[in-house]
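Enquirer: Have a look at this one before I ask anything.
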Amino acid sequence: MSEQLKAAAATSSAGGSSAGSPQENGWRLLLGAYFDFIRIRFLTMLAYRVNYYSGILIYTLNIGVNYFTWRAIYGDGESLGGFTGAQMTTYVAVSWMARAFYFNNLDREISTDIRDGSIAIQFIRPYNYVLVKMMQGLGEGLFRFMMLMIPGMVIAILLFPVQLPTDLSAWAGFLVMLFFSFLISSQINIITGLSAFFVENNEGMMRMKRVVVDLFSGLIVPISLFPGWLSSVLEVLPFQAITYLPGSVFTGRVQGVGIWNVLGIQVIWFVVLLIPIVWLYHAARQRLFVQGG
Amino acid sequence: MYYLGLLFEYLKNYMKTRLTYRADFWVEVVSDLLFQATNFIFILVIFMHTESLGGWSQNEVVFVYGFFMVPFGVFSCFVNMWGFSERYIVKGEMDRILTRPAHNLFQIFLENVDPPALVGSVIGLIIMGISGSNLGLPFEWWTIPMVIILTLSAVAIYTGIYTTLTSLSFYSDAPTGILPLMYNIQTYGRYPVTIYNRAIQVLLTWIIPFAFVGIYPAALFLHREEMQGMALLTPVVGAIFLGIGLLSWNYGVKRYKGAGS
């Protein structure tokens, strides 16, 4: 499987750069190794960049279909759930393009590592496995940002009446929040992936996660359009921090001090989600038994 | 007859492996249903904010959705080519397939049968029944035969499209990330295509004809005059796309030289 090849390439090269070096400067070496994980994943993704051209087309198509669906829903164009028609267009475009950036398959990579047993080797290496996965995700994210999200956004702006924010604070806020979207989405992926330690076959969980994130993050339907009880439930779940909150900043529905508040929500979720990851990681190390090995 | 026997043997084998991981079976059923539920929630939310979607009422859209689930369930049960390139070409499993007498594509389908997906089809039929009776749709003599014919045609369209896309991995060894994204796009064939602009309509009708697995055939049962012709065209489109799929697959297999390990 290609993901494994990538992971193998990444790990072996990082191992190579730290092997044969003396113990001093250990910290700097380790940091360098983590940095290498970002770089190598970025380069492997770059080698397969042709595949992502079709990705740009398909994401544009997604935006188009959603745009026309919402236009049909708006009909005579008042506002729905606090969204004007123009804001909805912008929201749809930026949400799908944000997904093009933050989406990754860390859950699948981790559960493959667990199922084929290669996790055992990864655990005895002198680095933190979860952190390495995060770094690889970052490398992939960097690639997706530059090769998928930016060109996709340009096409979306040309094709659909997207309104870019004029406020500098909205741009700055959105970019910072986009990074946290990536962090939180990857954290959820890592939690899902590590669950393979406990259920042996977590295919179903991974699929469920994907569906739940797409729906409850506000990608398909903005949270404020859900019926009251559901949107109040979703406001206390981490998923809205992935799409809905950054999207609200970009469309200008949240402005000024409000940006700090929604950013605060993201930071809180980032910290809170660290707890299950650390716990799962330690529980997993205790529990590790390799299937068929 | 020989192929039917094989199908039976593979299903028996499937049940045996599944009994060891019994919980997985139910997790899979639930996650499939949840996937469908997402789209259902989307429809419900839309109609909380509008009376009609491009001239279609909530019950009609729900009916189309129910119909969409039926062929999709059958397709996911019997045709499952997820990760073909990694599992069969990179790992060399394709060589094993090719040494056996039954047709290679048939074997690949059988090795990946996924009966839990059929639960979705059953639920689709139930949804069609409920929304159909809400709409007061007449139950004609041709209803059941047409459901069967249109379902098989839609399955043929799916199979054609995905076989074509999968056979690309014979021509290029780079992994293609197209398949998962296609899964997103096919769901758009469920909404009245007339709400989209010309380009997307043409795309969903003639190029990747997902409108023929949802809205067009379902329109027949809803007695929507404007799409009647399209509905009757479904079997033709199914035959054409299945043909394209099989041709590009067979041609790809001929070119296949093994991963060389």
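A Cβ is built for glycine as well, from the same backbone N, Cα and C atoms used for every other residue.
What TrEMBL lists as transmembrane segment is B:25-50, B:62-84, B:105-130, B:142-161, B:200-223, B:229-249.
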Enquirer: Using a cut-off of under 8 Å between C-beta atoms, tell me which stretch among B:62-84, B:105-130, B:200-223, B:229-249 contacts the transmembrane segment (B:142-161) the most.
Expert: B:229-249
Enquirer: Within this structure, do the transmembrane segment (B:229-249) and the transmembrane segment (B:25-50) have 3 or more Cβ pairs under 8 angstroms, counting pairs 6 or more apart in sequence?
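Expert: Contact between the transmembrane segment (B:229-249) and the transmembrane segment (B:25-50): absent, because fewer than 3 Cβ pairs are under 8 Å.
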Enquirer: Cβ under 8 Å to the transmembrane segment (B:105-130), counting only same-chain residues 6 or more beyond its ends: which ones?
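Expert: Contacts with the transmembrane segment (B:105-130): 3, 6-7, 10-11, 14, 25, 28-29, 32-33, 36, 62-63, 65-74, 76-82, 84, 88, 97, 163, 221, 246, 249.
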